[in-house]
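Visitor: One structure, pasted below without further comment.
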Amino acid sequence: MTTTPKEREPKVKVSVDVDPVPTSFEKWAKPGHFDRSLSRGPKTTTWIWNLHALAHDFDSHTSDLEDVSRKIFSAHFGHLAVVFVWLSGMYYHGAQFSNYSAWLADPINIKPSAQVVWPIFGQEILNGDVGGGFEGIRITSGLFHLWRAAGITNEFQLLCTAIGGLVMAGLCLFAGWFHYHKRAPKLEWFQNVESMLNHHLAGLLGLGSLAWAGHQIHVAIPINKMLDAGVPADQVPLPHEFILKPALMKEMFPSVDWGIFSGVVPFFTLDWGKYAEFLTFKGGLDPQNGALWLTDQAHHHLAIAVLFIVAGHMYRTNWGIGHSIKEILEAHKGPFTGEGHKGLYEVLTTSWHAQLAINLAMVGSLSIIVAQHMYAMNPYPYMGIDYATQISLFTHHMWIGGFFVVGGAAHGAIYMVRDYDPAVNRNNVLDRVLRHRDAIISHLNWVCLFLGFHAFGFYVHNDTMQALGRPQDMFSDTGIQLQPIFAQWIQSLHTSAIASTAPYVGASVSPIFGGDVVAVGGKVSMMPMVLGTADFMVHHIHAMTIHITVLILLKGVLFARSSRLIPDKGKLGFRFPCDGPGRGGTCQVSGWDHVFLGLFWMYNCISIVIFHFSWKMQSDIWGTVNADGTIEHITGGNFAASAININGWLRDFLWAQSVQVINSYGSALSAYGLLFLGAHFVWAFSLMFLFSGRGYWQELIESIVWAHNKLKVAPAIQPRALSIIQGRAVGVAHYLLGGIVTTWAFFLARFGALG
């Protein structure tokens, strides 16, 4: 009997190269080994600057996209290793030097501390009393609150987690080496976007959320339930006991049969009501600890897991079913968009700068959204009454978001200069935006002027009227009202429409929109925020600073390759000081210079946001609840009357609230006083770089070198003044560092002193 021979199975696709790059410590030990001119060693002091500028600029090391991709991939593992080491350090501090157990027993009266300053020559002033007889530095990272929410009940668990972090760091370092030197992915692996989406959506986000939901259900919820009921932390069963002893869970949530298989039967038989005790839909905040209900969070993570696991199965990989990203993009055309998104698939799979630009813009925006949500819908127990932590987390997420958004514009401009291919982008959305960039930028400029003159004009008007003694003619809640009616409408909608828009939810997402005061231990955790004329005015300042930042950054991207002034700008590269000595008026036009200028406006923008937040919360939200139910706010509700003119901002915010940092000497907060002054100095120091010319310094250096030659101590490496770009980079770095540290010291001394 003969059989038809089966077709030969297609060979398994090999998507890695074996041993592509030898491991050479000898090579790595040579500074600048990645660049031919740098590897020759330093002749002038410019060498060290170029070394830093090019070390991670993989495009300058090689033009091979596959090698660049591998370097980025390997660097990601290195980055993760650094993150794990850093996190491990945080957990180790919690395990070894903190008052976590004491805080867990009394989170209302004891402040978190996880660092004790060792005495130098008997110096003991920096360790303050944080309650419970513990002397240390107060921390404001929110980690204690996160640890409690996760179900960590003692320092030994933190120590184990810290060790786990170091193990993960080691694995990541190994993976970074292994995937560059031993088994390096081919370019096609990096460009296989459907498989990547499946992996990231279903694997990382889907299974990650499912794992976290499982942790919350089996560990965090029962432990927090016991802690909330007053069970001492050392008497709460250990995490694994809740998993291995179903009787413990049955006692708390009797409607489910907590067996390994029987526990999930209701999920697959759609009998979901059985889970209603711990997968809830309460809405709002838990009145006992002022945080989002942990049972709502578990419900959320389970739902998110299901959504992402489904989403991870939408894309076409080995089985010929599902979506193709290229097809989706090429089909995406509107009536006014020409070829639509055609070509963007090629852009995003051949330019990692383009990919990174989008990711940075989105993650930066997400960080800013996180800042807004974390205070209004506090996720962790007792964090809402730790005002120092609330202001720190808000400020942190705003700054991070601002830097990421600017980074998005930076890499967008680098893409335009290094990777943009006109042949790929023919009449698609990107090409069409570039062709009407003049209309976009001129309109955006008009918006900035309109917002700037009007928003600033409100304040100038109010200062003038107040100076002339005419309060009735001021824009205010008691004079000429400018009420934010749309914001107030959204607030009332969120408060009143719950029954019709989300019929199963018990309460609005946050009391900030309206409703009752959530007070914990006599302190306001969250309450309705009343918006008025002062908010309307400062929101238009926010609008102005956001639009100006966008104007600068978008202009940098859209004009990175060419402009009327310099038609061949793309040939000059991403960063250049001016277009040569023959052409005047061509300085500060490079893509890099737009990022440089954009950073200053980002700083302006975020500063005003965090100032507004800090004062508004102290004035209208944060405070103590008296026995008769009245609320005593930290600054007594002075925002509405004082924030409507410039004088009020200077007098009642900057000056009045810097009392604590200025008077901090001789107290446990004295380090903030030193930082406040030191950071002012760093900020002022930046101006020396920003307002000086390169030639001035070169002349000075040559004079100093002459003196060294006279004394026969001339250096072998020739000193050079910083280039124009280097000077600007040093200047903006110190400007931002000085400004941010000044603000940090100002806020923390203030809130540390308030307790």
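Numbering starts at 1 and runs along the chain as displayed.
In case you wondered, yes, glycine gets a Cβ from its N, Cα and C as well.
On a predicted model such as this, the values are computed, not experimentally measured, just so you know.
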Visitor: Of the ranges 197-221, 247-271, which one does Swiss-Prot list as transmembrane segment?
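Guide: Transmembrane segment, as annotated by Swiss-Prot, spans 197-221.
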Visitor: With DSSP assignments reduced to helix, strand and coil, which class does Cys578 ([4Fe-4S] cluster binding site) get?
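Guide: Coil, per DSSP.
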Visitor: Tally every other Cβ atom lying within 10 Å of the Cβ atom of Trp697 (phylloquinone binding site).
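Guide: For Trp697 (phylloquinone binding site), the count of other Cβ atoms within 10 Å is 17.
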Visitor: Is it the case that the transmembrane segment (594-615) and the transmembrane segment (297-315) have 3 or more CB pairs under 8 Å, with pairs at least 6 apart in sequence?
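Guide: Contact criterion not met.
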Visitor: If you measure from the Cα of Trp697 (phylloquinone binding site), which of the binding-site residues Cys578, Cys587, His680, Met688 is the nearest?
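Guide: Closest recorded candidate to Trp697 (phylloquinone binding site) by Cα: Met688.
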Visitor: Report the nearest neighbour of Cys578 ([4Fe-4S] cluster binding site) in space among the binding-site residues His680, Met688, Tyr696, comparing Cα positions.
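Guide: Going through His680, Met688, Tyr696 one by one, the closest to Cys578 ([4Fe-4S] cluster binding site) is Tyr696.
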Visitor: Cys578 ([4Fe-4S] cluster binding site) has how many other Cβ neighbours within 10 Å of its own Cβ?
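Guide: Cys578 ([4Fe-4S] cluster binding site) is surrounded by 18 other Cβ atoms within 10 Å.
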Visitor: Same chain, outside the transmembrane segment (72-95) by at least 6, Cβ under 8 Å from its Cβ: which residues?
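Guide: For the transmembrane segment (72-95), the nonlocal Cβ contacts are 56, 58, 114-115, 141, 143-144, 147, 155-156, 158-159, 161-166, 168-170, 172-173, 175-177, 179-180, 185, 190, 352.
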